[in-house]
Amino acid sequence: MSYTARIGPSILSSDLAQLGQECRRMMECGADYLHLDVMDGHFVPNITFGHPMVECLRTAVGPDPFFDMHMMVSRPEQWVKPMAAAGASQYTFHLEATTNPGNLIKEIRESGMKVGLAIKPATTVEELAPWAAQVDMALVMTVEPGFGGQKFMEDMMPKVSWLRSQFPSLDIEVDGGVGPDSIHRCAEAGANMIVSGSAVVSSDDPRSVIALLKNVVMEAIQKRSLDR
């Protein structure tokens, strides 16, 4: 097993007027990476930010933090090179947003970024499967993308379990409504990269929430390893 527990706060839940400072705060509180939600108003109804903001954040926080770009955009091919130039570490695109995943995966790799592939709740895990061996991470959305504060969809966990059984070393991320109340189900299903928004960012003690989430996932990984 090559995967490990990693917790990535969703910075969209932060005070957007203090974004650089908030990113630094999350890393100081023990975050393993930062999850940056890019929305274009087409693929999802909301609009957030683009590569100029990413470039500013990279300058603000330095070279070390891992930027996981969740590209909720209708033309993911368009932003690969700008995001790479801005300092993105991983480019996670939606399977539903492209007609040529293989070409896009190749383009992302050639731009020097890791590759993530995301699916919405209505998309079956079997549709992702042909590409799973070619990507670094699979993202199973546990809410409909585009809005914060939604309720965690526990019925997405079989997708995670199936991916873990078929691709034992794959990084599997969950995103949407994940916090202390739902982390056990995510960890038991086999998720190892945990995106958490308000549960971490809006907490009075983000450090302890991050530590709790990480410990639950680490324990599940250890148990899975012993059970094999």
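Just so it is clear, glycine is given a Cβ too, placed from its N, Cα and C backbone atoms.
Automatic, uncurated: that is what TrEMBL annotation is.
For reference, TrEMBL has these:
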BINDING   SER10, HIS70, GLY146, PHE147, GLY148, GLY149, GLY177, GLY197, SER198  substrate binding site
BINDING   HIS35, ASP37, HIS70, ASP175  divalent metal cation binding site
ACT_SITE  ASP37  active site, proton acceptor
ACT_SITE  ASP175  active site, proton donor
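In this structure, the binding-site residues under consideration are SER10, SER198, and the one with the smallest number of other Cβ atoms within 10 Å of its Cβ is SER198. Same-chain neighbours of the divalent metal cation site beyond HIS35, ASP37, HIS70, ASP175, judged by a C-beta within 8 angstroms of the site's C-beta center, are, in sequence order, GLY8, SER10, LEU12, LEU36, ASP68, THR92, LEU139, VAL195. Just so you know, the Cβ of ASP37 (divalent metal cation binding site) picks up 24 other Cβ atoms within 10 Å once every protein chain is counted.
Note: the CA-CA distance between ASP175 (divalent metal cation binding site) and SER198 (substrate binding site) rounds to 12 Å.
When the Cα atoms are compared, HIS35 (divalent metal cation binding site) and GLY177 (substrate binding site) turn out to be 14 Å apart.
All protein chains shown were included, and the count of other CB atoms within 10 Å of the CB of HIS35 (divalent metal cation binding site) stands at 28.
For the binding-site residues shown (HIS70, GLY146, ASP175, GLY177), fewest C-beta neighbours within 10 angstroms: GLY146. Across the fold, the C-alpha of ASP37 (divalent metal cation binding site) and the C-alpha of SER10 (substrate binding site) stand 7 Å from each other. SER198 (substrate binding site) sits 17 Å from HIS70 (divalent metal cation binding site), taking the CA atoms of both as reference points. For the pair formed by GLY177 (substrate binding site) and HIS70 (divalent metal cation binding site), distance between Cα atoms is given as 16 Å, rounded to the nearest Å.
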